[in-house]
Amino acid sequence: MCRAQLKGRWICDMEQKGLEENKMSKTQKKQKQPITACLLSAAFFGALGSSFIYGYNLSVVNAPATYIKAFYNQTWIDRYNEPVAAETVTLLWSITVSIFAIGGLCGALSVSYIIRVLGRRGTLLVNNSFAVIAALLMSLGETAKSFEMLIIGRFIIGVDSGIALSVLPMYLGEITPRHIRGSIGQFNSILICLGVFTGQVLGLPELLGQESRWNYLFAFLAFPAVLQLCVLPFLPESPRYLLMERRDEEGARRAFQKFLGKDDVSEELEEVHAEARAQETLQAVSVFQLMKSQTVRWQLVTVVVTMASYQLCGLNALWYYTNGILLEAGFNQEIVPYITLSTGGIETLAAIISGLVIERIGRKPLLIFGFTAMAVFFSLLTVFLNFQDRVSWMPYLSYICILAVIASFCSGPGGIPFILTGELFEQASRPAAFMIAGTVNWLSNFAVGLLFPFIQETLQTFAFLVFVAVCIVASIYLYIVLPETKNKTFMDISQSFAKINQIPYPSPSHEMEMVLAIQPDEKKEAVKVESSL
């Protein structure tokens with residue numbers, strides 16, 4: 001009996017080893033597959049009409065701020081025959097800046113409803129209409145002598161960004177093979193940084209940062225949206241969406257073939273079928289259902305913590321100090337905008353490097369490194385800010401710290417939270433998860449803009465210590481809770497959370513065994529039986 005048990009156990013171990021070796025060989029085979037032009041086009045043009053526009057709007061209002069306020073004053077005089085009060089100008093300008101985040105929140109809240117009807121690609125295409133409408137309103141506001149058009153346009157472009165930052169990572173995550181999912185997903189972060197940098201460059205006085213040209217800065221918004229409208233209709237919809245939500249297996253097959261550049265996509269289709277069988281339902285889960293579900297409890301907590309830390313880590317607040325530190329260092333007011341370009345350049349470079357190494361290093365190490373490095377450099381910045389009045393060369397160290405904080409942010413925390421939101425949830429839960437993540441993102445963004453001036457006034461140069469605490473807490477949480485998702489299927493990732501969620505979960509290898517065990521003739525026979533029933 002003992003020998004029989006040992007023999008059975010040995011056979012079981014050998015089968016398991018064979019399954020693991022087979023899985024590894026398939027992974028190695030996939031890694032040799034070249035990235036297709038179709039996949040690269042989807043990533044680049046999808047991000048160009050989405051993430052790029054979001055990044056551009058983060059920086060585009062900085063350069064023409066003085067001219068826009070003058071436009072508000074002149075419009076007020078034309079209407080009421082008296083200059084506008086200083087408090088009213090400040091209020092109008094605050095609304096113009098902050099309403100972008102309110103629009104983003106509205107866009108994020110609407111995602112799960114729009115995406116059910118239009119799909120991933122369809123939502124991205126329709127979303128471009130918001131960008132074009134916003135560009136027209138903001139660029140023509142001066143001609144129409146209506147500052148309301150500018151404010152409404154900022155709200156609409158916020159809606160566009162709120163939808164885009166939820167739908168694009170979802171689309172890219174679903175169309176990309178798992179061995180390059182992180183690298184392709186980083187197109188979102190890279191184009192955000194490129195958008196910020198473009199806004200800084202176009203805002204220079206020699207280009208569009210002049211009193212007679214500032215409205216063209218907003219007209220430029222239509223350009224990336226139109227480019228996406230020209231390319232995206234020729235690219236396929238998400239094959240996972242087609243197969244699991246539309247039940248269109250033939251459409252999913254064609255989409256996989258186009259994205260992967262090969263005819264035999266049976267393995268990819270079977271992987272999606274196995275994921276579908278493992279889910280309790282294929283119907284889209286509501287936000288309320290997702291929040292009640294024990295099976296995704298820690299995935300949801302992880303996304304909320306990561307998204308909140310993405311905004312609360314202090315990068316947006318850092319811009320308040322940049323110009324002041326440069327002036328303290330002795331730089332002339334006229335050349336400060338050109339030196340500030342270095343921040344946008346560092347952002348873009350760090351995001352590109354992160355995209356190149358993410359599949360080797362992994363999501364978890366990059367996130368922990370990014371938040372930890374930010375905590376270190378924020379601490380050093382606090383020290384340097386307190387001594388910059390006493391030592392002449394100290395402001396230069398402060399500026400170096402600012403560049404280091406930006407590089408640390410873009411190395412991981414700047415893009416990976418969006419990738420994780422798509423990876424930690426299966427198909428039915430993904431739209432609701434992105435809706436929650438987007439809500440947390442935009443609420444945190446609004447909170448920083450609202451509260452930081454008061455924090456700065458109270459704590460002065462010690463204000464960044466608040467962000468040090470946020471970065472440390474985020475690093476500790478991610479170290480303890482987050483599993484590595486690199487090169488894992490969505491089922492593998494769900495299983496890695498099963499223990500901490502205290503639920504049983506079917507083994508992915510067992511699911512794949514069941515799929516592969518069914519021969520083609522048996523599949524056809526099973527279909528016939530089902531149809532007869």
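Including glycine, each Cβ sits where the backbone N, Cα and C put it.
The annotation transmembrane segment is assigned in TrEMBL to 34-56, 91-115, 122-140, 152-172, 184-204, 216-235, 300-320, 335-358, 365-384, 396-420, 432-455, 461-482. TrEMBL lists 43-486 with the feature domain 'Major facilitator superfamily (MFS) profile'.
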Leading stretch by Cβ pairs under 8 Å, where the reference is the transmembrane segment (396-420) and the options are 34-56, 91-115, 122-140, 365-384, 432-455: 365-384
Long-range Cβ neighbours of the transmembrane segment (34-56) (under 8 Å; 6 or more residues past either end): 124, 127-128, 131, 157, 160-161, 164-165, 167-168, 171-172, 175-176, 180, 184, 187-199, 220-221, 224-225, 227-229, 231-232, 235-236, 258-261
Recorded stretches the transmembrane segment (365-384) and the transmembrane segment (461-482) touching, at least 3 CB pairs under 8 Å: yes
Per Cβ pairs under 8 Å, the stretch of 91-115, 122-140, 184-204, 432-455 packing most closely against the transmembrane segment (152-172): 91-115
Same-chain residues at least 6 beyond the ends of the transmembrane segment (184-204) whose Cβ lies under 8 Å from its Cβ atoms: 35, 39, 43-44, 46-48, 50-60, 62-64, 165, 168-169, 172-173, 176, 217, 220, 337-338, 340-341, 343-345, 347-348, 350-352, 354-355, 358, 410, 414-416, 418-419, 422
Close approaches to the transmembrane segment (432-455) from elsewhere in its chain (Cβ under 8 angstroms; 6 or more beyond its ends): 97-98, 101-102, 104-105, 107-109, 111-112, 162, 165-167, 169-170, 284-287, 289-291, 296, 299-300, 303-304, 307-308, 310-312, 314, 316-317, 320, 417-418, 421-422, 424-425, 463, 466
Local confidence of the domain 'Major facilitator superfamily (MFS) profile' (43-486) - pLDDT mean: 88
